[in-house]
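What follows is one structure encoded as structure tokens, with my remarks underneath.
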Amino acid sequence: MEHIRMPKVENVRLLDRVSSRKAALGTLYLTATHVIFVENASETRKETWVLHSQISSIEKQATTATGCPLLIRCKNFQVIQLIIPQERDCHDVYISLIRLARPVKYEELYCFSFNPKLDKEEREQGWKFVDLNEEYNRMGIPNDYWQISDVNRDYGVCDSYPTEVYVPKSATAHIIVGSSKFRSRRRFPALSYYCKDNNASICRSSQPLSGFSARCLEDEQMLQAIRKANPGSDFLYVVDTRPKLNAMANRAAGKGYENEDNYSNIKFQFIGIENIHVMRNSLQKMLEVCELKSPSMSDFLWGLENSGWLKHIKAIMDAGIFIAKAVAEEGVSVLVHCSDGWDRTAQVCSVASLLLDPYYRTMKGFMVLIEKDWISFGHKFNHRYGNLDGDPKEISPVIDQFIECVWQLMEQFPCAFEFNERFLIHIQHHIYSCQFGNFLCNSQKERRELKIQERTYSLWAHLWKNRADYLNPLYRSNHSQTQRTLYPQMTPCNFLYKFWSGMYNRFEKGLHPRQSVTDYLMAVKEETQQLEEELEVLGERLANLQKMQLNGNKIQSKQQDRGKQLGLSASTNSLANTPQEYGSDLKSFPSRSPSQGDEDSALILTQDNLKSSDPDLSANSDQESGVEDLSCRSPSGGGCLPSEDSGKDSDEAVCLAV
Amino acid sequence: MEFSELIKTATVESVLLAGTGLPAVRGTLCITSHHLLLSSCPGGDGQPGTVELWLLIRNVDAVEKRLAGSSGTITLRCKDLKVLQLEIPGMEECLNIASSIEALSSVDSVMMMYPFFYRPQDLRLEEGWHLFPLEQYFQKIAAQTNQWRLSDLNRDFTTCPTYPAGVIVPAAVSDDTLRRAARFRQGGRFPVLSYYHPRNGTVMLRSSQPLTGPNRKRCPEDEVLLGTVLDEGERGFIIDTRSAQAAKQARMTGGGTEPKSSYPQWKRLHRPLERGRPLQESFIKLVEACNDASLSMDRWLSRLESCRWLSHVKAALSTACLAAQCLDREEASVLVHGAEGTDTTLLVTALAQVILDPGCRTMVGFQGLLEREWIEAGHPFHLRCARSAYSHARLKQEAPLFLLFLDCVWQLSRQFPFSLEFGESLLLALFDNAYASDYGTFLCNNEKERCLCKVKENTHSLWAWLNQPEEKKKYLNPLYSHNPLVIWPSVEPQSIQLWQGLFFRWIRPSQYLEEARAEMQRLVEAKEAPAKESAGSRLSRSLSDPAARTENER
């Protein structure tokens, strides 16, 4: 590829961020799609793969005696520190990556070359896996109050909306078009969620162009139609998810918010969620805290607080809770908007839906939810996640925040979600990876023009194929937590919002629990199932055998053998790890040598010393570090987990081979 | 003293009881010598009442009263951090009840405490008191090396009043030498063996600070004692749980540290750990912050930071890891001490053993560790746990070192969810019992006092209670599987979490988490089921039924 100035650099060192002393020597490769680092150490040859689309920034630092450091920060929160021996090589790699990480055409993105070896039919099936018409049918729509409208069939009314929108039956095309002219980017009120138990609904739109005094009859009729589509309620909540000050400032620009006097029977409510710029800076600050080298507890907590990140997460959640309560408890419909109605509105509508409807807490349902509230309603994936080179001020972790809200809920309601944390992490990964076509572009219109479905694959089918990896073992469809509306505690609740190290320190394995309860329980569950199936087969066989007068004892013992074979012996999940640098700031003498009275030389507590001096111990430490690699596997052999975490996906490997 | 003198009003009718997360109930309040009872009569006067509250008065940390008109509200803040409210009709009754509870809860005499009166039917008095004899622990070491011996020089507690009768010391050092070394250590706490690391034969010792004083006194016997531990050319580490500065300052008051010149084979490392009043204040501030519902998200994090509790957790874990690392990785013996050697010293030695020794991570092994490294080692429980986080009383010698230890163990259990045989519920039970208990296990400050008070003769042991099969089940970790290796935790701030199960036990909604725990239990038990019971029963069913049929057919 023409942008690669330097396809291969040898003797590059990859630094371990937690422990600066551990560095791996290896070779760096630049391919059309990935940066690949292959360790020299012959027994492991560990590989680190980074997709170009994941790179968020590349920093070339001042050359030192050991070489030229290159810092690559990724959108999935991986941070890679390389030291390249020659300054010139480093510069070439830097220049190449700058270009590779910022494609200018959609066609340059990975999904257009990614080939999971599926035939045309499978590809089409994959795209049909999530069907929004089916979803609205599931909600009970169309019905007496709601219908599908084709007013936007050729994106004539609103180019960031889907062609098929659901609106109140009483809203005529005239009303819709009129209303759309009174709304930013013509994003008129449309249905997001409908609760068939009580007819209450969640609708979404952009802000009205009310300025200081403007009115629009059709828009007022539109809101009235939404209210009337819920006959049980005599008013409609209008939730503006912006801080009041921001909304007021918009009035000066001829935009703004609904005047309660002009709309009949609405209750207007501000819920202050900050804008994309505040959120971008907040994430930036939090990531700086994550990157601190051996921070103290105070550094970390102060930094976390200063970033404001958890405060923002809570604000989004609070808005979602408000709406869910309005719908479920009061039976009142809600219209949600922010400015353009594609960021905060998407967050809040999807959090509310998730709280209200257990379906969205299943794996398939969650995919549908993202498809519905984010993809179809024109969340600007390309701009927000910087898939193509563009305005950096457009970038903001909007969907990341939604995904974190889901994780925070999972922590509070451990049995309520069919999927596990890994599912969320992998979705986040693929929103940035551009490996699948789902999240390309800024709207449905753009995606259709690009013929995404004919040229790329769908992530949903891919995740569904691997769904066994994403199951939450504690989920049971008949569990009480799964069935009802979730009501997170409101006060006191600050302590419920926690830093998500599984996401933001995802690649720092050393920071996470060393044994995975999810994987263990999943394996237990699977093997229980296997045993039960086995049992059934045996039962049948027994019935047959018994006719032949055979003794059942033999089979019973066989059954036990089978149990052993399955290796459910829990001891396989024991593991160890290696000590961290508990003594990094420690002053000491070198180990096993006469004191030199040098109080400043660091205490070097390394395995390497042990290895060279004592063969017995070296075996031991090998065993320990060997076990460490198993740390996140299932007890019964494992190794079947998706390997994106190690930077390499089997699919990606296939692609490269092609 | 008679308890009845302290009880001004024994019963009050129609008292309303409320606690966080519980529906309020009305009933009859009754004060006995050791308990506060509230029983409601749902079915009218004739019906026997249901007991809604059975509170050990010793558990009350603070009593607050508020009078309004003819009635009053008493807020009871308990040592286990629970908060209860009693609405009492009648001003006088309210005042009487409050002062009675106050008086009863501050009875300081050990022999007057409830464990001396508690006589459960299904336990025998002597049960559980001799589950973990030091002799047995020593035998395990003796099986591997003859360098250590069990000495009874302290059998009458004269050499060191805070040590138990038996101590493990280097075989080559005579009792005489030990006695002289003891005079050189604060409180007579001379270096003794705390842990023998079977993998490489290194040991962890603990003691109090040496009494070097301003004139840099030396003690040849102490030097011999420590010298014997190391072979020629071998190095050891002294982990001093004070800062270098604080250790130096201690010389002015007669204490100090081991100077390099006198102990050439030992390298001193200073790892300052908080203790005493600052630690108690940290605990108080944290509990205050946890109970402050008005905090916004932002202020919550800075409050959490400013109370510094998590910093103490991080420091304690790091220091224990350092000790463990010296033993396991550096293959060097370690001596741990701070000043008195009864607080942070024990925190570090006990924690290091949980990290290193899989035996300490079992239900029984952990109890043995607590017995050996906290109770017998002379952690002054009576002083340290006299008051908890709510008390308005002037602080004396309270400090939550044991809680800090439990918190660190909880952090380990979170990072290694399969490696500890016991679960959070055991740690909570230990916290509760250390501060207020039906059992004698945590009474007094040391073995000498326990002997004087005849604790082992006249109270029940907590271990006897916990180890009853039905009871034990509640404390087990369903996911446990033996892990023979060292468990090195992460001490990065991202990995250290606030122990919500303790600090928010009475505040947070626990229903969903309990359900999750039950689900986990169900899954693990189901794993056993098809293989054992259901397999057995289903097979036998299918065996017996056809058999019957064939009989008929014949």
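Every residue number used here counts from 1 along the chain in the order it is shown.
Any Cβ shown, glycine's included, is placed from N, Cα and C.
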When TrEMBL marks a stretch as coiled coil, which of A:157-184, A:269-296, A:493-520, A:521-548 is it?
A:521-548
Averaging pLDDT over all residues of the coiled coil (A:521-548) gives 83
Sorted by position, what residues of the same chain at least six away from A:Trp342 (substrate binding site) have a C-beta under 8 A from it?
A:Ser160, A:Arg187, A:Ser206, A:Phe377, A:Gly378, A:His379, A:Lys380
Which residues, same chain and not among A:Asn275, A:Ile276, A:Cys338, A:Ser339, A:Asp340, A:Gly341, A:Trp342, A:Asp343, A:Arg344, have a CB within 8 angstroms of the centroid of the CB atoms at the recorded substrate site?
A:Ser206, A:Thr241, A:Arg242, A:Thr345
Neighbourhood of A:Arg344 (substrate binding site), C-beta criterion under 8 angstroms, separation at least six
A:Thr241, A:Arg242, A:Ile273, A:Asn275, A:Ile316, A:Ala319, A:Cys338, A:Val398
Once the chains shown are all counted, how many other Cβ atoms turn up within 10 Å of the Cβ of A:Asp340 (substrate binding site)?
19
Let me know the largest Cα to Cα distance in Å among the substrate-binding residues A:Asn275, A:Ile276, A:Cys338, A:Ser339, A:Asp340, A:Gly341, A:Trp342, A:Asp343, A:Arg344, as an integer.
12
Test of understanding: give the count of other CB atoms lying within 10 angstroms of the CB of A:Asn275 (substrate binding site).
15
Could you tell me how many residues in the domain 'Tyrosine specific protein phosphatases' (A:307-351) are helical, how many are strand and how many are coil under DSSP?
31 helix, 5 strand, 9 coil
